[in-house]
Amino acid sequence: MTTVLVIGATGKQGGAVADLLLQHGHDVTALVRSPDSPPALALAAAGARVVTGHLADPAALAGAAKGADAVFGLSVPFGPGGKDAEGHRRARRARDRERGPLHRSPHRRRLRPGDRRGGREDHR
């Protein structure tokens, strides 16, 4: 079965993705900042491997990505090269070092008001 690292697994989108993956029998590693929060405890009870960490901590990302086949993360628009964007790049690089590059890496980001490209971008 596929193992997916979900960054921000206690958030709305990350939590929904983690829940759906678990329902479909996938292994989920949930990267969370607060492992004792109710959403993190619920993920653990549902079978996710809960890992404490932050996008700004490369060592935590490398540990969380160990064994992952894919990475899901949602970055917010703090500007080009912001901490969250760099954290997502670190997570992908950590996973790639472990298992080789992903064949498909969906990435979703929010767009700022005035951004004319539309709502959703998938990078493959």
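Any Cβ shown, glycine's included, is placed from N, Cα and C.
The feature compositional bias 'Basic residues' is assigned by TrEMBL to 102-111. Annotated compositional bias 'Basic and acidic residues' per TrEMBL: 112-124, in sequence order. Look at TrEMBL and you will find 3-73 tagged as domain 'NmrA-like'. Per TrEMBL, region 'Disordered' is recorded for 76-124.
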Rounded mean pLDDT for the residues that make up the domain 'NmrA-like' (3-73): 92
The domain 'NmrA-like' (3-73): DSSP-derived helix, strand, coil residue counts: 28 helix, 18 strand, 25 coil
